[in-house]
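Peer 1: Take a look at this one; I'll ask things after.
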Amino acid sequence: MSDFIFTSESVTEGHPDKICDQISDAVLDALLKEDPESRVACETVVNTGLCLLTGEITSRAKLDYIKLVRKVIKEIGYEGAKAGGFDSNSCAVLVALDEQSPDISQGVNEADDLNEDLENNTGAGDQGIMFGYACDETPELMPLPISLAHRLARQLAKVRHENVLEYLLPDGKTQVSIDYKKGVPVSINTILISTQHRAEIDGIINEKEIRQKITDDLWINVVLPVTEDLEIKPSKEKTRFLVNPTGKFVVGGPQGDAGLTGRKIIVDTYGGYARHGGGAFSGKDPTKVDRSAAYAARYVAKSIVKAKLAKKAEVQLSYAIGVAKPISILVDTFGTSVISQDNLKELIENNFDLRPAAIIKEFDLRNLPKKLGGEFYRKTASYGHFGRNDLNLPWESVEVKAAQLVEASKDFL
């Protein structure tokens with residue numbers, strides 16, 4: 001099927017699930033800042049007036065978890081009576097954290113199939129499969145639907161934080177449908193934005209009038225600014241633009257829906273455009289291959305596309321708990337590569353060290369929170385972990401590796 005419509009969604013930082021992702025990653029940042037060897041598997045739950053912090057943590061760091069949770073909730077925008085029914089100052093914060101099981105840690109601490117230096121003897125923290133993807137649809141080598149959905153969600157939050165549209169509240173979602181012809185994006189079919197807002201806007205209380213005002217304001221302040229640099233632009237004549245289709249969105253955030261860490265894994269990755277291994281990222285330290293190996297798989301896929309060895313590349317990695325080397329490596333370029341799949345796999349094996357400790361070292365995943373003032377992973381917890389031009393993410397910096405692949409691939413051309 002070469003002609004189709006593909007749709008991806010994103011959510012703002014005030015979405016209940018994203019509140020949880022940010023809290024879990026804020027805990028991870030704080031622990032790694034004080035103790036880079038911390039083992040963290042932190043889960044968060046939010047509901048009306050409640051935040052629960054749970055999971056397993058082994059660390060020398062000492063944190064005021066309740067204070068940290070309230071800080072994150074406040075910075076998102078949930079503070080005071082006007083914040084949409086969830087208040088950082090008054091919500092209950094419960095902490096129920098345990099230590100990591102010794103049965104898990106013994107397999108992670110030293111893998112049994114390597115005899116090299118101890119640094120590279122770290123086994124995978126769990127079994128699992130991870131996918132990485134890249135394509136040439138956007139400058140950041142991401143699929144256009146998720147790229148644009150993230151742009152819209154970030155801009156929606158920006159105009160709220162900067163009081164450009166002071167009636168907006170923290171919860172919100174975006175969705176973008178792109179028309180493809182012969183597998184290439186050609187136009188923006190539909191843009192959907194659902195955003196929480198105050199019940200009264202500039203003295204307007206009529207539901208229909210409120211929705212029309214929000215629609216007009218979002219087109220001017222959100223849609224147009226984030227699409228001005230795109231080759232494919234929306235138009236009021238050809239692009240369907242939907243805003244709050246149910247009519248109003250006053251009750252939102254944790255007051256409207258419960259939230260949980262790890263429930264937006266498609267938003268975090270490729271918007272459904274590529275396969276997903278099922279593992280979430282937030283709240284997990286770098287020994288968890290759900291996170292670190294997914295970053296590495298993206299690094300490999302993006303390097304391949306950046307090197308122009310393929311227009312699209314999907315890389316699957318699999319691991320076994322306590323074993324350092326990947327159990328399997330698979331690459332699929334969907335018929336777009338200039339060399340064979342077997343040759344691409346050989347290039348990957350010869351140019352990328354995909355053992356967990358090597359990935360951690362390559363990207364400096366344990367030390368980045370401390371180097372960056374105590375906040376790194378939390379910034380990835382909203383608006384995607386990949387294709388982030390607003391963040392300096394090591395797995396997105398592929399120029400050097402792509403050049404290596406160009407040189408190494410000459411033997412196969």
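Each residue, glycine too, has its Cβ placed from N, Cα and C.
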Peer 1: Choose the correct range: of 12-22, 100-110, 254-264, which one does Swiss-Prot annotate as region 'Flexible loop'? Give that range.
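Peer 2: So the range that Swiss-Prot calls region 'Flexible loop' is 100-110.
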Peer 1: Using the residues the record lists for ATP (H15, D171, G172, K173, K248, F249, D257, R263, K264, A280, K284), what whole-number Å value is the largest Cα to Cα distance?
Peer 2: 36
Peer 1: Looking at the binding-site residues H15, D17, E56, D257, K284, which ones sit with their CA no more than 10 Å from the CA of E43 (K(+) binding site)?
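Peer 2: Qualifying among H15, D17, E56, D257, K284: E56, K284.
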Peer 1: Can you give the mean pLDDT for the region 'Flexible loop' (100-110), rounded to a whole number?
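Peer 2: Average per-residue pLDDT within the region 'Flexible loop' (100-110): 56.
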Peer 1: Could you tally the C-beta atoms, other than its own, that fall within 10 angstroms of the C-beta of E56 (L-methionine binding site)?
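Peer 2: Taking every protein chain into account, the count is 16.
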Peer 1: Taking Cα atoms as reference points, rank the binding-site residues D17, E56, K288 by distance from D257 (ATP binding site) and give the first.
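Peer 2: Nearest by Cα distance to D257 (ATP binding site): D17.
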Peer 1: Return only the integer: C-alpha distance in Å from D17 (Mg(2+) binding site) to K288 (L-methionine binding site).
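Peer 2: D17 (Mg(2+) binding site) and K288 (L-methionine binding site) have their Cα atoms 20 Å apart.
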